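Working notes, structure below.
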Amino acid sequence: MKKLSKFVDTRIGFFTLLVILFWLKTLFAYFTDFKLGATGVFQYFILFFNPLATTAFIYSLAFYFKRARFFYPVIMGLDIANTLLLYLNVIYYREFTDFMTIATMTGYSKVNQGLSGSSLALTNFHDVFYWLDIVVIVILMLCKVIKFDPRAIGTRLAFAFTSVALVLFGVNLSFAEMSRPQLLGRTFDRSYIVKYLGIDTFTGYDLVKSQHINSMRQSATKPELLKVKKFTDKHYAPANPQMYGIAKGRNVIVIHLESFQQFLINKKINGQEVTPFLNSLYNGKDTYSFDNFFHQVGQGKTSDAENLLETSTFGLPQGSLFATLGSDNTFQGAPAILNQRAGYTSAVFHGNVASFWNRNNVYKNLGYQYFFDASYYDTSGDKATGYGLKDKLLFKNSIKYLQTLQQPFYVKYITVTNHFPYTLDDEDKDPNFQTTDTGDSNVDNYFVTAHYLDQSIQEFFNYLQKTGLDKKSIIMIYGDHYGISNSENPSLASVLGKNADDWNDFDNAQLQRVPLMFVIPGTGHGRIDHTYGGEVDVLPTLLHLLGISSKRYIQFGTDLFSSKHNQIVAFRNRDFVTPTYTSVGGTIYKNRTGKEAKLTKKQQEKLKKDQDFVNEELSLSDSLNEKNLLRFYHPKGFKNVNPANYNYSNGLKRAERIEKKKGVKSTSIFSENGDRSTVDDYSTDAPEQNHSSTDSNRIKITNPDANNK
Ligand code: GP9
Ligand code: MN
C-alpha cells in the first residue's frame with residue numbers, strides 16, 4: 001500500500017493512476033450506458049483494450065511540461081476534458097442512441113441540436129462514478145495526501161511514453177481492421193468506431209472529416225450549382241404520355257430486396273424456382289419489369305442504393321454519403337417531394353438499429369415522417385439474424401403501424417435476411433427447396449435466403465390482396481446491389497450455365513443487374529421492358545407514373561419510359577454499360593459476344609463521348625453533394641426540409657393521434673376498415689412469431705458486424 005502511494009507520488013505513477021481510472025470509467029460506460037453490441041471473444045478483447053492507447057497518448061502530453069505547477073494542472077485538465085467528453089456522450093446517447101459529432105457539439109447540425117435541457121434531465125444516479133475519482137483526487141492533492149513530484153520527466157522518456165501509446169494505437173487499429181475491414185473508410189455506424197477504437201478516436205476522426213467537409217462547403221458558390229443545373233436540364237427526358245400518371249394518387253410501397261440480383265429471377269435450381277412468387281410478379285400482367293437494370297452503388301452499399309433511388313444523385317466515390325454528409329446535407333428527395341406535391345405520408349420499416357448507415361439522421365433530412373426501426377419490434381431470441389428482424393416478421397409486425405398511417409402513403413420496407421453471409425435458422429428453411437451444391441457456402445446459402453425472402457413478399461402480398469390495399473397501391477420492388485461478389489462469381493458460373501475458366505470482367509459487370517418492378521395491381525398494364533437503366537433513374541420514373549413532373553428538380557437520372565431516356569448506365573467507378581458495349585477499366589467489350597470489341601475510329605469516338613458523359617455526370621453529382629449545393633437551389637414550391645421537425649420515437653402514438661384528430665376524415669387503413677385492426681388479415685408461417693420473448697431483449701440486435709464482408 002505504502003509502495004503504491006509512493007508510486008502515485010511520482011509523475012509516472014500519477015499518470016498511470018489517471019490512465020487506469022479513465023480506462024475503467026470508459027469500460028463502465030461501455031457496459032452500462034452504451035449498447036455497442038460486441039459479440040465473440042475477439043470483439044470483447046478489442047472493446048476492453050481500446051480506451052488504453054488514446055488515453056495514454058493524450059495524458060502523456062503532460063510529460064512535456066517540466067514544472068510541477070504546469071504538469072499537474074495540465075494532466076488534470078486533460079483528464080477533466082476527457083471525462084467531460086465521455087460524459088456528454090453518455091447523456092447524448094441516452095437521448096439519441098448515437099454519439100456526438102463535431103457538428104452536433106458546435107450546434108451546426110440541425111438534426112440534433114446538441115444537448116437540450118431535456119437531455120440534462122437524463123442524468124442517472126450512477127453518473128457519480130464518472131466524476132467521483134476526479135473529486136477524490138483533487139481533495140487528496142489539496143490535503144497533500146497525493147504529493148506533487150518536483151522531478152521532471154526527461155523529454156526522451158516523455159517521447160518514449162507517447163511513442164508506446166502510438167504503437168498501442170497501431171495495434172488497436174489493426175485488430176479493428178481485422179475484425180471489421182474498411183471500418184474507417186466506410187463508416188457504417190458511429191457506434192462501430194466507438195466499439196473498436198473508442199470515443200476519443202471517434203471524435204478526432206470526426207474532427208478531421210468535418211473540417212474537410214466544411215472547407216468543401218465553404219468554397220461552394222452559386223455558379224457551381226448553375227453548372228449542375230445546366231447539365232441536368234440538358235439531359236432531362238420528358239415523360240412518356242402513355243405512362244404519365246397511370247398510378248396517380250395510389251399509395252407507394254417500396255420493397256428493398258437486400259442483395260438481390262437479377263439472375264435469381266426465373267432461375268430454377270434442381271427443377272425448382274428459387275423465387276416463384278417474385279417470378280409471378282415479374283412476368284405478371286400488372287407489372288412493368290426491367291431486365292437491363294443495374295445497381296450503381298459504391299462503398300455505401302444499401303445506403304447508396306437508398307440515396308440513388310430517392311434523390312436521383314450518386315453516392316460518393318469513397319464511403320457512404322449517408323454516413324459522411326447525410327446528417328447535414330440538403331436533400332430534395334422522394335418523401336419530401338411526394339408530401340409537398342401530393343400530400344403523401346412517409347415511413348420506413350426496417351428491422352435493424354436506427355443508427356446503421358446514419359439513417360436516424362438522414363431520414364429526417366429526407367423528410368421521412370416515421371421511421372420504424374428495430375426498437376419498434378421484438379427482435380429477441382431467434383427473431384433476428386445478423387442485420388436485424390427476419391423479413392417475414394418485419395412485414396407481419398409492421399401492419400400495426402402501417403394501418404394507422406394516413407393515405408396516400410409512401411412507405412419503404414428494407415429487408416435484411418438475404419444479406420451476406422446468408423445464414424438462416426433451420427426452422428425457416430423450406431424443406432422442399434434443394435439448393436445448389438457449388439462447394440461455395442455463400443453461393444449455396446444465397447439461394448436459400450432468397451427463397452425465404454420470396455416467401456415473405458408473398459405473405460405480404462396476400463395481405464395486400466385480402467385488404468384490397470393492392471388495388472390502391474403501386475408496389476415498387478428492386479434489388480439494392482450484388483449479393484455474390486466478383487471474387488465469388490466464378491463459383492456461380494456453373495449455376496448460370498457458364499464456364500468458370502473463362503469468366504472475365506465483362507461477366508462481372510453484366511452480373512450487376514438487379515430487378516426493378518413497378519406492380520400496379522388491377523390495371524393490366526405491364527410488360528418486360530428491355531431498356532437499359534440504373535438506380536439513379538428510378539425517382540423521375542416513379543414521379544412520372546404518379547403524375548408528378550420531375551422537371552423542376554435537379555436529378556441525374558431520367559424516366560426509364562421516356563423516349564429520350566439515356567441508356568448509358570454509369571457505375572460508381574466510372575465503368576459503364578450501354579445496350580451495345582460494356583466498358584470496364586477502359587477496356588471495351590461487345591455485349592453480344594462478351595469479347596473485347598474491335599472498334600472503328602468512329603465507334604471509338606462515340607465511346608469516348610459516352611465515357612466523358614459518365615465522368616461528367618459523376619463529378620457533377622459529387623460536387624452537388626460534397627459542397628451541399630442544393631442549399632442554393634429552390635425549385636418552385638419546394639419548402640426546405642427542417643429536420644428538427646422530425647422525431648422518430650412514439651411513431652404509433654403520433655399516427656393514432658392524427659387519426660383521432662381527423663375523425664371521419666381519417667384515411668388510414670384502420671379508419672377505412674371501420675376502426676378495426678387488419679392485423680388478423682395477415683398470415684405468416686414464420687415459426688418464431690409464437691416464441692416467447694422477454695421485454696428486456698426488445699432492442700437487442702444480434703451483432704451486425706459478426707458477418708462482415
Ligand atoms: C443494414 C442493412 C445492410 O441495416 O441495410 O446494409 P448493407 O450491408 O447491405 O450495406
Ligand atoms: Mn444492402
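Each Cβ is built from the backbone N, Cα and C atoms, and glycine gets one as well.
No curator has checked TrEMBL annotations; they are predicted automatically.
Feature annotation from TrEMBL assigns active site to THR302. The Cβ neighbour count for THR302 (active site), using a 10 Å radius over every protein chain in view, is 25.
The Cβ neighbour count for HIS481 (Mn(2+) binding site), using a 10 Å radius over every protein chain in view, is 21. Under the heading Mn(2+) binding site, TrEMBL lists GLU258, THR302, ASP480, HIS481.
The local packing around HIS419 (substrate binding site), expressed as other Cβ atoms within 10 Å of its Cβ over all shown chains, amounts to 24. Among the features that TrEMBL reports, substrate binding site is placed at HIS419.
Per TrEMBL, domain 'Sulfatase N-terminal' is recorded for 250-548. Mean pLDDT for the domain 'Sulfatase N-terminal' (250-548) in this predicted model: 96.
Here TrEMBL flags 662-709 as region 'Disordered'.
Sequence annotations record features per position, and here TrEMBL assigns transmembrane segment to 12-32 (among others). A Cβ distance under 8 Å defines the sequence-distant neighbours of the transmembrane segment (12-32), meaning residues of its chain 6+ beyond its ends; these are 6, 47-48, 51-52, 55-56, 59-60, 62-63, 72, 75-76, 79, 82-83, 86, 89-90, 126, 129-130, 133, 137, 146, 149, 153, 161, 198-199.
Distant neighbours of the transmembrane segment (44-65): 11, 15, 18-19, 22-23, 26-27, 30, 36, 38, 71, 74-75, 78-79, 82, 153, 155, 157-158, 161-162, 164-166, 168-169, 171-172, 175-176, 179, 195-198, 200-201; these residues of the same chain sit at least 6 beyond its ends, with a Cβ under 8 Å from one of its Cβ atoms. The transmembrane segment annotation in TrEMBL covers 44-65 (among others).
TrEMBL lists 70-92 (among others) with the feature transmembrane segment. Sequence-remote contacts of a segment are chain residues at least 6 beyond its ends whose Cβ falls under 8 Å from one of its Cβ atoms, and for the transmembrane segment (70-92) they are 11, 14-15, 18, 22, 25-26, 29, 33-34, 55, 58-59, 61-63, 98-100, 104-105, 114-115, 119-120, 122-123, 127, 130-131, 134, 137-138, 141, 148, 152, 199-200, 203.
Distant neighbours of the transmembrane segment (128-146): 5, 8-9, 14, 17-18, 21, 25, 28-29, 72, 76, 79-80, 83, 86-87, 90; these residues of the same chain sit at least 6 beyond its ends, with a Cβ under 8 Å from one of its Cβ atoms. The annotation transmembrane segment is assigned in TrEMBL to 128-146 (among others).
Tertiary neighbourhood of the transmembrane segment (158-176): same-chain residues 15, 42, 45-46, 49-50, 52-54, 56-57, 60-61, 63-64, 183, 196-197, 201, selected by CB-CB distance under 8 Å and a gap of 6+ residues from either end. If you look up TrEMBL, you'll see 158-176 (among others) marked as transmembrane segment.
Using Cα positions, the member of the recorded positions GLU258, THR302, ASP480, HIS481 nearest to HIS419 (substrate binding site) is identified as GLU258.
What surrounds the Mn(2+) site, by Cβ distance within 8 Å of the Cβ centroid and not counting GLU258, THR302, ASP480, HIS481, is the set HIS256, LEU257, SER259, PHE260, HIS295, VAL297, LYS301, ALA305, HIS419, GLY479 from the same chain. Rounded to the nearest whole angstrom, the C-alpha distance between HIS481 (Mn(2+) binding site) and THR302 (active site) is 7. For the recorded site, THR302 (active site), the DSSP three-state label reads helix. Under a cutoff of 8 A between CB atoms, and with a sequence separation of 6+ in the same chain, the neighbours of GLU258 (Mn(2+) binding site) are THR302, TYR387, ILE414, THR415, VAL416, THR417, ASN418, HIS419, LEU453, ASP480, GLY483. Note on ASP480 (Mn(2+) binding site): other Cβ atoms within 10 Å of its Cβ, all shown chains, come to 26.
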